[in-house]
Amino acid sequence: MAGVQSDPHFFEGTEKLLEVWFESTKGDDSFDLRNIGRLDWEHLLRIVRCEIISKSSSDDMDAYVLSESSMFITQKRFILKTCGRTTLLLAMEPLIRLVTEKCGDHKVVDVFYSRKKFAKPEQQHKIHRTFEDEVHHLDQLFKNGAAYTLGKINKDCWHLYMLEDVPGVKDPDQTIELLMWNMCPEKMKIFTKEVSEDGAEATQKSGIIDIIPGLQIDDFLFDPCGYSMNGILPGGYYITIHITPEPHCSYVSFESNVPQESYYDLVHKVLGCFNPEKFLMTVFSNKISIAKESHKHFEDLYRLKGYKRKDHQFCAFQNYNLTYTMYTRPII
Ligand SMILES: C[S@+](CC[C@H](N)C(=O)[O-])C[C@H]1O[C@@H](n2cnc3c(N)ncnc32)[C@H](O)[C@@H]1O
């Protein structure tokens, strides 16, 4: 698997995250990405260098825990999040071919590709080694790509590629991500086989179980350490958490599309579970999302739960608003 690296003790927890929204060109209600079968997804994931560990489903979504993070499929939305040395962007063109073949004529109505700066970019495969390489690859597929970097480019930053002048998503849509590193060693021990027997025990002990009530949880504890979970709710909503507990490269990611007017309490709960020394947060919401006001709540938050804000940027894109913010504190 792509997690096996030249430095055996280092794991690149930082994920590449791709979200693609499709629509039938004929307004065909039977257009559904969930008509694509498991063998086809497995084939696509082989290109990315990861594999399916388990699957959970609701009426609205299929959610997969992968050897390197997660994949979520709804009627019109494809999300793939992969860490380690995976080659996620190699799947972009095959994905569009697969959707044409299995679901019929369609248009791509929006694309988002993002990731934090890698800890060891030199260990990535060529296509992902620099953001410029990634942008070059995507620009060959899309004429209307727009690439941004938020944060300090000589320190911690976050890259984003999206499309301009697209019809955009017609439904309310929002995503919050917290990417955390230099993690509290005590908290990280929970995500090892030494302390927890399986994923369910780690989910309980860490408090992940209480972040959002009522989730259908699919969790997995790697041997000897490492943890991934998907939690799904009716309506195509999810949370996903991935943990690299090794002390010299500790990293945790939290992502959710659950709509909330304010994400303040959710952020508090997530930080309480993991106690990172540093984290960056991104909040995306389109103009019809109830989360569209949530950006205001972060404007004046110079301090948050003992953390001090280092960066804060707000972007007003054509269809979405985005807050990028980075906080830090001494490890406790
Ligand atoms: C897949 S998980 C979660 C990665 C995630 N992107 C994160 O946020 O850190 C990676 C963790 O599981 C461990 N692990 C153990 N066996 C693994 C395997 N076969 N494939 C991938 N990771 C494995 C890694 O060492 C690492 O600590």
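Every residue, even glycine, has its Cβ placed from backbone N, Cα and C.
What TrEMBL records for PHE11, GLU68, PHE222, GLU246 is substrate binding site.
Counting only same-chain residues at least 6 apart in sequence, those with a Cβ under 8 Å from the Cβ of SER69 (active site, schiff-base intermediate with substrate) are GLU15, CYS50, LYS81, THR82, CYS83, SER228, THR240, HIS242. SER69 (active site, schiff-base intermediate with substrate) falls within a strand segment according to DSSP. Feature annotation from TrEMBL assigns active site, schiff-base intermediate with substrate to SER69.
According to TrEMBL, the feature pyruvic acid (Ser) maps to SER69.
According to its DSSP assignment, CYS83 (active site, proton donor) is coil. Residues or ranges marked as active site, proton donor in TrEMBL: CYS83.
Counting every protein chain shown, the Cβ of SER228 (active site, proton acceptor) has 26 other Cβ atoms within 10 Å. Feature annotation from TrEMBL assigns active site, proton acceptor to SER228 (among others).
The secondary structure of HIS242 (active site, proton acceptor), as reduced to three states from DSSP, is extended strand. Annotation source TrEMBL lists active site, proton acceptor at HIS242 (among others).
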Least Cβ-crowded entry, counting other Cβ within 10 Å, from the binding-site residues listed as GLU68, GLU246: GLU246
Binding-site residues compared (PHE11, PHE222) - highest count of Cβ atoms within 10 Å: PHE11
Around the Cβ of HIS242 (active site, proton acceptor), the count of other Cβ atoms that are within 10 Å: 25
Number of other Cβ atoms within 10 Å of the Cβ of CYS83 (active site, proton donor) across all protein chains: 28
